[in-house]
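As recorded in TrEMBL, the features of this protein are as follows:
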TRANSMEM  20-44  transmembrane segment
DOMAIN    22-485  domain 'Major facilitator superfamily (MFS) profile'
TRANSMEM  92-111  transmembrane segment
TRANSMEM  157-181  transmembrane segment
TRANSMEM  201-220  transmembrane segment
TRANSMEM  288-312  transmembrane segment
TRANSMEM  355-373  transmembrane segment
TRANSMEM  461-480  transmembrane segment
TRANSMEM  549-571  transmembrane segment
DOMAIN    549-1034  domain 'Major facilitator superfamily (MFS) profile'
TRANSMEM  872-892  transmembrane segment
DOMAIN    1048-1534  domain 'Major facilitator superfamily (MFS) profile'
TRANSMEM  1195-1219  transmembrane segment
TRANSMEM  1239-1258  transmembrane segment
TRANSMEM  1328-1349  transmembrane segment
Amino acid sequence: MAVLRLLSALDVARIQLYHFKAIIIAGMSLFTDAYDLFCIAPVLKMLGEIYYHEDSIGTPILSTFYAIALLGAALGQLLVGYLGDRLGRRRVYGICLMIMVLSSFGCGFSVCTTRKSCVMASLGFFRFALGLGIGGDYPLSATIMSEFANKRSRGTFISAVFSMQGLGILMSSAVTMSVCSAFKNAGERSSEKTRAEESDIAWRLILMIGAIPAALTFYWRMRMPETARYTALVEKNAFQAEKDMQKVMSVCKVSQVEEDLPEEPPCSSSSSYKLFSRRFFSLHGRDLFAASANWFLVDVVFYTSNLLLFQIVNLSDKPATKVAAIVAACSTIPGYWFTVYFIDRVGRVKIQIMGFFFMAVVYLAAGIPYSWYRSDHGYTSNKGFVVIYGLIFFFSNFGPNTTTFIIPAELFPARFRSTCHGISGAAGKLGAIVGTVGFLWGTKRDEEHKDVFPDVKRVRIAFLILGGVCIAGVLVTYFCTRETMGRSLEENEEDEIITRMSSADELLPRRQKETKNNFSSNNKSSTMPALKVLSALDVARIQWYHFKAIIVAGMGLFTDAYDLFCIAPIMKMIGHIYYHKDSIGTAVLSTSYAIALLGTALGQLIFGYLGDRVGRRRVYGLCLMIMVLSSFGCGFSVCTTRRSCVIASLGFFRFVLGLGIGGDYPLSATIMSEFANKRTRGAFIAAVFSMQGLGILMSSAVTMAVCEAFKNAGEGSLEKMRAAGMETLAPPEADIAWRLILMIGALPAALTFYWRMLMPETARYTALVENNAIQAARDMQKVMSESILSQIAEDTSSEPPQQPPSSSPYKLFSRRFFRLHGRDLFAASANWFLVDVVFYTSNLLLSQIFTFSNKPLNSTNVYDSAFEVAKVAAIVAACSTIPGYWFTVYFIDRVGRVKIQIMGFFLMAVVYLAAGIPYSWYWSKHEKTNKGFMVLYGLIFFFSNFGPNTTTFIIPAELFPTRFRSTCHGISGAAGKLGAIVGTVGFLWATKHDEKEKEDVFPDVKRVRIAFLILGGVCIAGVLVTYFFTRETMGRSLEENEEEDEIGTTTAAPGGSLSANELLPRQYRRCLRQECYRPPVLKMLGEIYYHEDSIGTPILSIFYAIALLGAALGQLLVGYLGDRLGRRRVYGICLMIMVLSSFGCGFSVCTSRRSCVMASLGFFRFVLGLGIGGDYPLSATIMSEFANKKTRGTFISAVFSMQGLGILMSSTVTMAVCAAFKNAGKGSSEKTKAAEADIAWRLILMIGAIPAALTFYWRMRMPETARYTALVENNAIKAEKDMEKVMSISKSSQVEEDLPQLPSSSSSTSSSYKLFSRRFFSLHGRDLFAASANWFLVDVVFYTSNLLLSQILNVSNKPHNVYDSAFEVAKVAATVAVCSTIPGYWFTVYFIDRVGRVKIQIMGFFLMAVVYLVAGIPYSWYRSDHGYTSNKGFVVLYGLIFFFSNFGPNTTTFIIPAELFPARFRSTCHGISGAAGKLGAIVGTVGFLWGTKRDEEHKDVFPDVKRVRIAFLILGGVCIAGVLVTYFCTRETMGRSLEENEEDEICAYSSAPGSPSASELPTITTQAIVF
C-alpha cells in the first residue's frame, strides 16, 4: 500500500525547482556527447594538416575515428544500463560523469607531438573510454529523469534533458571557431615550426574545454538521491524512498491519494520472472524490438548526416565549423525545443512517425536532384542545399532522434528499465556505426575531385537509401510502438497489469473501476440487441438500397477494369507518339503494367487494415477520391516531348491510382457482405464485382470513340503527313487523345462520391466491433425499411443485462488466429494468387496475340492501332467476360462458391491445354484461324468470371470475423495482385519478340505455347487448392462462417448404393497405366525418334524411375492427407490426376524433336506417378475399413489383383493398336508411316485412362469410411448413417447389449500421442519397419523383373519394324500375365484368409529365392543358344517368379499395412511403407539396367551374361532377406478386427480403471464402427 501511495504521489507532483536542476545535471552527458560529435570533425581536419601535411587522412582512419567512440558508447550503454538496474541508478551515475571528464582531458593530453601513428592511437584509446562514459550516461539520464518526473510532463522533462545536445553542438562550434581564430591571430608573426606547435596545442585545447561544464556538475550529481521508484519497487524500501523524495521536492501527502488506490496490496509474485526469460519476451519483446529497431534506424540517419556534414557541405571559403553552427542554431536546436513543447500534447508515436516521414521526403528531395545541386560549386547552389539539408536535422530532432531516447525510459518495469534502455541505445549506436562507416566508404572521393565533393552518383544513392531507412522507421513505429503519453510508468508496464494483481481491475483506482463497471454493464445490455440486428440483416428482404449499394460499391471495380483495359491501347498510342519507329521496350511495358498492380496490392493491405481499425465508412470515400484525382493526374502527366518524363509521370499517377483501387477491393466486398442477407449475399457481392464488365466495355467504347473522333477531326493533318511520307508518325493532337481517354474513366466514379459519403457504417461493424447496437439499428433504419429494426431500437433502451458473448481476446496474426483462420486465409490468398496469374495475364496481353487488322504494322497510324486493340477487348467483353459475370450472379447462391470455383479452374485448364498444345497450328495461317482461336480464347474469360475470378472476391468477405474481415480480404487480394504481377511481367518477358521477328504481328509461337501450358498447370493447382482447403459459405450467415464460433461441422455424405466391386476398376486403371507404356512404348519411341540408335541406359533408367519417384511422393503426401482430411476428400483427386496426366502423356508436345518429346513425357509420367502413389494407401485403407474381419484380406487382395487385368489389357491394347496401324500403313510412304507411328504410341497411352475415367462418378459418390468418421472425427451417428446408405448392417441396438461399460477416459487416452512421437515408435515402430522393409525388398525384385522383362527375353528372330518390336514385347508380357501373374493374384485371393498373411509372404519370398538361384546359376546355359527353344524354357522359369511374387509378398505387403495401424495413422503408415517400396523399385530397376548394360558386341541380342547371373543371385539374396524380416518382425493380422491389431488401443484401454478385458475388445469395436 505504501508503495502505491508513493508512486501516485510522484505521478501527481507539481513541477518544482528540482526538476529543472535535474535536467541540467542529467543533461551534461548529452552535452558532452554532442560536443565531441561536432568537434571531432574539425579536429580531424587540423590533425590532417599537422601530421599528414599534403596527404589527406585516409578513409580507414576517418571511419575508425568516427566508429571508435560509437563502439565504446554501445558497450557503455549495455554495461552501465545493466549495472543501473542491479546496483542502483545513483551508485554508477557519478562514475559515468567522472569517466567522461577524465577521458576528455585524456584526449587533450594524447601522447606524442611528432609521430602521427602514436597521436592517433592515443587519441583513439581515450575516445573509446569517452564513449564508455557517454554510453553509460544515456540509460541512466533517461531513467532517472523518467522516475523523477510526473506523468503529465514526463516527456517534456526527458526531452529537455536530451535537448542539451543542441547546446553541446553550438558550444563545440563556438569553441572551435574561437580557438582557431585566436591561435590564427596570435601566430601570424610566428615561424612555421612555432605555428605547427601552436596548432598541436589548439586541437587539444578544443577537446579539453568540452569537459569543463560536465566537471562543474559533478558535485550536484553525487548529491542526487536514489530515485523513489527504484528504492520502492526494486529495493522494496518505501519508507526510505519517501524520505529521499522529501529531501529534494515537495510531494503530495499520502492521504491525498489514498482514496484512489486499490484495497489489496500488490502480490509479491510480480517480480518472479527474470530478464530475457520466456515470459519477459512475451510481455516486453515487442516493445524492446520496436525501441531498438527505431533507435537503430534513426541513428543510421542522424549520425551519418551529423558527422558527415563537413564532407558534403562547402560554403565556398567559409569555415566548415561555421556551417555546423548555422545548422545547429537554425534547425537542430529548434527541433529539440519543438519536441519539448509538443511531446506531451501530441504524443510520442505521432511525433516519431511525422519525423521519420518528413525526413524521408527531404532525403528524396535532396537525393533525386543531387547532381543539379552540385552542378555549380559556388555559394548560391550550396546555400540552397544547406537549407534543405538543415530540414533533416530539424525533423530528426523534432521527431525520432528525441522520441527514441524517451520511449524506452517509459515502457519497461523499474527492475529492467535501465537495462532495456541500454539495449535500445546500443542498437542505435550500432546503427550509427553502420551509417557513418558505410557512408564514408560508399561516398569515398575519387582522385580527380577529392578536394571538392564525393562522387555525386554515390551520394545520391546514399541519400535514397537513407530515405528508405526513414520509411522503414515509419512502418516500425506504426506497427510496433506503443504510445506512453499521459500514463504512469506503472500503467505502461504490461507485466504488472497481468501478474501483479489477482485481477487486472485491482490495479485501477476506484473511480476508474466504476467507469469500467459502467462500460461492462453497457456492453452486457447491448449483447441481445446486437444479435437481433444481425438476425434482422440475415432475413431482410431485398430492397432498393441493396441495388443502390451495388452501384455505389461497384464504382471502384468499374474504375479498376477501365484502367486495366484502356492501358493497352494507350500504350500503343504512346509508342506511336513518343517512340516513333522504335517499339516500346519490354522493360517499359512490364513496368507500366506492374506499377498499378503494385499500388493495388499496397492499397489492399493498408486500407483493408484501416477498414477494420477505423471503420469501413471512414476510409471508403478516401479511396474513391484517390482514384478520381489520380485518374485526372494520369491525364495531366507532365511533359509533352520527353518520353522518359511522360512515362515516369504516368507511372507515378498509376501507382497512386492503384492505391485507391486496391483500397476499394476489401471495402466494397466487406460492405456489401455486411449489408446483404444470407440468402442472396453471394449474388449481391458478385453483382458488385460484375461492374468490372461494364468498366471493360466502357473503356473499349471510349477508346474507339475518341480515336475515331480525333482521326476524323484531324484528317487534314493526316493527309499532309501521308504526302510527306510520315503516315506512321502521330499528329500533335494525339497527345491529347490518350490523356482524354484516361480522364473520362474517372467521371462515373466521381458522380457516385456524394452517395458513397452518405452511406452509414455497416450494422455489423457498429454492433460487433464498436459494440453499439443502438446506433447500428438506427443506421439501418435510415437506409432500409425493416420493422424488426425499429423494435430493436426500442428494445435496447429497456433491455435488461444479459449474459455477454464469449470474449475474443486473440489478436490478428496471433497463434489462435492462425489456428482458427489460417487455413481459410491461405486458401483465399492462394486461390486469388493463382487466378490472377491467369486472368491478368490473359487480359493485359490480349492485345499482344490478336489483331483484326490486315494492315502491316509499319503502315498503321496512332488511332488505328489503338482502335484495333480496343475492338478486340470489346468483342471479348461482350461475348464472354460480361456473360461470365452474370452467370455467376445467377448461380452463386444456387450452386455454391466452391463448386463454381472448381468448375471454372478445371475448364480454364482444359481450354488452356486445348489452346496451347496445337498453338502453332492456330497461327500457321494468320488470316484464317484468328477467329477460331478467338472463340477458344474467349472461353478462358467466360470460365474465369463464371468461376474463380469472381468467387475469390466473394469468399474472403464471408469467411472471417467482422473485426478481421477487411484486413483478411485485403491480404487475399494483395496475394492476387502479386500473382498478377508475376503473370503479367513473366508473360511479357517470356513471349518477348526476337530481334529478327520484332516487326512480326505475333510473339514467338513456341514461347506462347509453353506459357499456355504453364497457365493450364496453374489452373490445375487452383482446382487442388480449392478442393482441399476452401470452405463453402453459401446459405450461412457471416457469423456462422466464423470458425471461432463453431464447435464442429458435419456434412451429410452423398446418398446412393455402393458395392465393394466398385472399388476395383480404379486399381485396374492404375496397373494398366503402369504397365502399358513400359517396354512396348519405349520400343516404339526408340524406333521413331532414335532410328538406328537405341535409347541409352540413362534415358531408360530415368523413364523407369521418374514415375516411381512420383509414386513415392504421392504415397507420402496423399497418405498423410488421407488421415488429416479424410479418405473420401482426396480419393477423387488422385483419380483425376491419373486421368489428366494419362491424356497429358498422349498429348506430349513436339513430334520431331526427341528431347522435347522425352522431357514432356517424363513430366506427365511424374505427375501420373503422384496420382498412382496417392491411390495406393487410400485404396488399401478404404477397402480394409469397409470389409469385415473374416474376409478383409480377400477383399483387399481382390482390389490388388486388378493389376493383373491391367497388365493383360495393356498388352492386348498394344498388340491391337500395333497390328491395326501396321496393316493400315502398308502402302504408305516412310514419312507417313513415321507420323502414324507417332500417333500409335500416344493412343496406347491414352486408352488406359478411359476405364478409370468411367469410374470417377462412383468414386466421388462414395461416403467416408465408418471407421474414420467414428474413430477420427468422433461422429458415430454419422458413421452409422453413411453405412446404412450403402450396405445392410446390424442396428446398433442389436449389439448394444453385448458391450461392456466403457470408461470415460478411454477416448482421451487412446489418442493422446502423436505421429512419430516416442510412444508411437514404441507401439508401432516394429510394425512400420517390417512393412516398409518387406515392401522395399519385394519391389526391388518385382519391379526389376517386371519392368525389365523385355530386356532379357526375345522370342522372335524375325527382323522387326516399329510395330513388330512393340508387338513382340507385349506378346511376352501377355503370356507371362496369363500364365503366372494373374493366377498368382487369385491364388492369394483364395488362400489369404485361410492360410494367413505371414505364411504366404514367407512362402513367396522363399520360393522366389529358389527360382532366382535356379535361373541365375546356370544362366549362361540358358543363353548358350539364342534361338526360340531355349528362350521359351527360360520364360517358363521366369514366369514362376511372377507367380510366387503375386502369390506372396507383392500382394501381402499391400494388405498388411492397411490392417496393423490405428485409424488415425493408417493411411499415413501405409503411404510410408509404399514409398519405401517405390524406393526399392527405383534401386532395383536403375541398378539392374546399369548392372546388366549391354556391351557393344552383343548390344542387339542380350545383356552381358555374367552380369545378369550376378544380378539374379543378388535378387535371390534379397528374397532370403525378405524371409528373415517377415519371420522375425511381421505380425499376423488374419481373423482379427482392425482394432485388435492396434496395440496402442489395447495397452491404453486395458490400463484404464474398469476397462474390459482384451477378449471384450471385438465387441467394443463393433459398437464403435456400428457394424
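A Cβ is built for glycine as well, from the same backbone N, Cα and C atoms used for every other residue.
Caution: TrEMBL annotation is automatic and unverified by curators.
Most Cβ pairs under 8 Å with the transmembrane segment (20-44) belong to 201-220, among the candidate stretches 92-111, 201-220, 461-480, 549-571, 1328-1349. Residues 28-29, 32, 36, 76, 80, 83-84, 118-119, 122-123, 125-127, 129-130, 132-134, 136-137, 140, 144, 204-205, 207-208, 210-211, 214-215, 217-218, 221-222, 224 of the same chain lie 6+ residues outside the transmembrane segment (92-111) yet bring a C-beta within less than 8 angstroms of a C-beta in it. Within the model, the domain 'Major facilitator superfamily (MFS) profile' (1048-1534) shows a mean pLDDT value of 76, rounded to a whole number.
Within its own chain, the transmembrane segment (1328-1349) is flanked in space by residues 1075, 1078-1079, 1104, 1108, 1369, 1372-1373, 1376, 1401, 1405, 1408, 1412, 1438, 1441-1442, 1445, 1448-1450, 1452-1453, 1456-1457, 1460-1461, 1469-1470, 1472-1474, 1476-1481, 1483-1485, 1487-1489, 1492, 1511, 1515, 1518-1519, 1521-1522, 1525-1526, 1529-1531, which lie at least six positions past its ends and keep a Cβ under 8 Å from the stretch. Proximity of distant same-chain residues to the transmembrane segment (461-480), defined by a Cβ-Cβ separation under 8 Å and at least 6 residues beyond the stretch ends, is recorded for 286, 289-290, 293-294, 297-298, 300-301, 304-305, 349, 352-353, 356-357, 359-361, 363-364, 366-368, 370, 400, 435, 439, 442-443.
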